[in-house]
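**Student:** My structure is below; once you've seen it, I'll send some questions.
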Amino acid sequence: MARGYGATVSLVLLGLGLALAVIVLAVVLSRHQAPCGPQAFAHAAVAADSKVCSDIGRAILQQQGSPVDATIAALVCTSVVNPQSMGLGGGVIFTIYNVTTGKVEVINARETVPASHAPSLLDQCAQALPLGTGAQWIGVPGELRGYAEAHRRHGRLPWAQLFQPTIALLRGGHVVAPVLSRFLHNSILRPSLQASTLRQLFFNGTEPLRPQDPLPWPALATTLETVATEGVEVFYTGRLGQMLVEDIAKEGSQLTLQDLAKFQPEVVDALEVPLGDYTLYSPPPPAGGAILSFILNVLRGFNFSTESMARPEGRVNVYHHLVETLKFAKGQRWRLGDPRSHPKLQNASRDLLGETLAQLIRQQIDGRGDHQLSHYSLAEAWGHGTGTSHVSVLGEDGSAVAATSTINTPFGAMVYSPRTGIILNNELLDLCERCPRGSGTTPSPVSGDRVGGAPGRCWPPVPGERSPSSMVPSILINKAQGSKLVIGGAGGELIISAVAQAIMSKLWLGFDLRAAIAAPILHVNSKGCVEYEPNFSQEVQRGLQDRGQNQTQRPFFLNVVQAVSQEGACVYAVSDLRKSGEAAGY
């Protein structure tokens, strides 16, 4: 009897032990297979604006490349898949988080003003906008030296390996992507493209190329092969640069090989702004990080949450405060002048990062949206948008890169170097931003506390100067929770509005990353009028109109955001469907 009882107890204990082991095993497995959802990755991810380029970036990571390696490879690819947005003839900004050192640095390789330029260039803004075609708007390209500096500091794989996938793409029968074809057939762009040297590349007779049409580009393939094997100096001081300078001189360009040789990227610390549990790292002036930081810092103080969006009046209230904050931000863009070229601007953006100004702005935001432009320090300025490309990368070790690259407006200056296969930027067009409509050029570069003196005046370009930019490749880090958000966007002047709204929706309003990027945005122009992306909530639009917000129609919206987030063991990556993007990870 006792023996039978003992056997029963032993069996019960054995069963309990097995059950406990199963539970422990399940817990352990759940940690490795966390409930991340089917769209999550376990290790790393790349978000470029096309599937093929995201895939190339992922492959580089899987070959033990660093996040910088993957970013460069994805950008080189994008210059071929979406050449209307970026390329070797443009410029790039990297924001890089090194998990080993815990530091975030910025490499600014945006284009600069060449030594020879028209002193009265900015008097041509009214005639040039919105496209800015012509060789007079070309800045010194910085793209390749930006890649080289980033690779020198943070690369792991051999330099040439980063170019091989795109060279293979070009040599293997490259075809036109649907997004590129859409730009080629755009009714505004098409006449200028047809009249430019780009016609030889993108037209079949009188017709623009269509999706899946062959796009032979042997000159660019050869250029990439040369840069891969010989390094970037073959462009900046060697035969590639000489060929480019000679080609575009036929279009009226005054760019010289000396301009190329003098170009150097700038390496600086990222701006750092606390946003509750997160810290935002973004690029300093002349990039737009200070404006993005200002917007989010002001909005943080309103303590918006998921509950704020639960009822119609709450949603209207959130977007009213956003609109008013964007108006005040627009009035501060004068602070984005290049501090290297204009020393009095050295500390001009510092106030934008602090709580004192943020609190002052919050106190000036009330329930109405019909204040005079002077309330926000707004002056009617030139604006344009739709260009640029962004890549976000998160590596296995937690290091991250946000990189935004551009030739400025679609197809840049529409000037093509046939021997190198390079499309040139029109970056000097961004200098028009500092010249309010109706202003003339003034020889005085700095007057008092504000650049250019009173509103209505502007000052000529300075050789070596970088244009003010809306580019905001950014990284947000929550060290306590081990969370990150690597984010940036494209779309010219729409970039800051789009990125700010994606961050606001993700951090505070309860949106997941995909929904935060997909949500229709609003934008405030320099007249203080609200522009709504198609499908933006009509209910919110009516509510804002009731509060006195003026609205206007924007002829063309193309705001594009790419982001990667890390939440515990889960990695999420989203490329914006507005540009038919698709992220990749593993």
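Including glycine, each Cβ sits where the backbone N, Cα and C put it.
Keep in mind it's a predicted model, so treat the numbers as computed, not measured.
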**Student:** Swiss-Prot records Arg110, Thr406, Ser469, Ser470 as L-glutamate-binding residues. Which of Glu396, Glu427 is assigned to the same site?
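**Tutor:** Answer per Swiss-Prot: Glu427.
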**Student:** Would you find the one among the recorded positions Asn98, Asn347, Thr406, Asn550 whose Cβ has the most company, meaning other Cβ atoms within 10 Å?
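**Tutor:** Counting Cβ neighbours within 10 Å, the top one is Thr406.
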**Student:** Report, in whole Å, the straight Cα-to-Cα distance of Asn347 (N-linked glycosylation site) from Ser469 (L-glutamate binding site).
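**Tutor:** Their Cα atoms are separated by 17 Å.
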**Student:** Of the binding-site residues Arg110, Thr406, Ser470, which one sits closest to Asn535 (N-linked glycosylation site) when you measure Cα to Cα?
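**Tutor:** Of all the candidates listed, Ser470 is nearest in space.
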**Student:** For Ser470 (L-glutamate binding site), which of the recorded positions Asn98, Asn204, Asn347, Thr388 has the nearest Cα in space?
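**Tutor:** Spatially nearest to Ser470 (L-glutamate binding site) by Cα position is Thr388.
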**Student:** Would you please pick out, from the recorded positions Asn303, Thr388, Ser469, Ser470, the one with the fewest other Cβ atoms within 10 Å of its Cβ?
**Tutor:** Asn303
